[in-house]
Amino acid sequence: MLTLIQGKKIVNDLRSRLAFEYNGQLIKILSKNIIAVGSLRREEKMLNDVDLLIIVPEKKLLKHVLPNIRIKDFSFSVKVCGERKCVLFIEWKKNTYQLDLFTALAEEKPYAVLHFTGPVSYLIRIRAALKKKNYKLNQYGLFKNQTLVPLKITTEKELIKELGFTYRIPKKRL
């Protein structure tokens, strides 16, 4: 367990330290492509872990980011890691914390931010309402009859409004 303040400090420390190895080179992950999600974004007082969403600029890089993740000046161990999710244990100020990393492509960003911020109860209500209209919403997009529905949106707030719901800031979601 860690406090919200500790979680925010960890994220600030990580922002300039995340990179991945690709074709023998170390590629820095830009701070603007690292988004705090989960209980940290909802500003819960106590956190079980730190969740970060990494926006990957090119599809060809997606399979390389998490399996080849590097954190400058941090000691960490990998619990499990794939193309879209990686669970790490990081050493920070003499304690060990769980860090969950997720990836999304730029066009998936609004959907992924909503999905990984949650909370689950909020997402269930939205998805149930959409299901009645034969839509499926997940972290990759909005689908109707298994076909991606293109929406001209770039933010989570625009997504919520486009779906016909009232936007609530993450800490006010139930």
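Each position is counted from 1, following the chain as shown.
Each Cβ is built from the backbone N, Cα and C atoms, and glycine gets one as well.
As annotated by Swiss-Prot, Mg(2+) binding site applies to D49, D51, D100. Annotation note: D51 (Mg(2+) binding site) sits in a strand segment as assigned by DSSP. Residue environment of D51 (Mg(2+) binding site) contains 23 other Cβ atoms, counted within 10 Å of its Cβ in all protein chains.
DSSP assigns C81 (disulfide bond) to a strand in the three-state reduction. Residue density at C81 (disulfide bond): 15 other Cβ atoms are found within 10 A of its Cβ, drawing on all protein chains shown. According to Swiss-Prot, the disulfide bond annotation covers C81-C86, on the basis of similarity to another entry.
Marked as region 'Involved in ssDNA binding' by Swiss-Prot: 42-51. Through the fold, the region 'Involved in ssDNA binding' (42-51) approaches residues 1-4, 6-7, 10-11, 36, 97-100, 102, 116-119, 170-171, 173 of its own chain, all at least 6 residues removed from its boundaries and within a Cβ separation under 8 Å.
Annotation for C86 (disulfide bond): same-chain Cβ neighbours under 8 Å, separated by at least 6 residues, are L66, P67, I69, V78, V80, D100, L101. Each residue contributes its Cα atom, and for D51 (Mg(2+) binding site) and C81 (disulfide bond) these two points are 14 Å apart. In sequence order, V37, G38, L40, N48, V50, L52, V87, Q98, L99, L101 are the same-chain residues whose CB sits within 8 A of the CB centroid of D49, D51, D100, the residues recorded for Mg(2+) being left out. Packing around D100 (Mg(2+) binding site) is summarised by its Cβ count: 18 other Cβ atoms lie within 10 angstroms of its Cβ, all protein chains included. Taken together, the residues in the region 'Involved in ssDNA binding' (42-51) have a mean pLDDT of 98 on the 0 to 100 scale. Across the structure, D49 (Mg(2+) binding site) and C81 (disulfide bond) place their CA atoms 16 angstrom apart.
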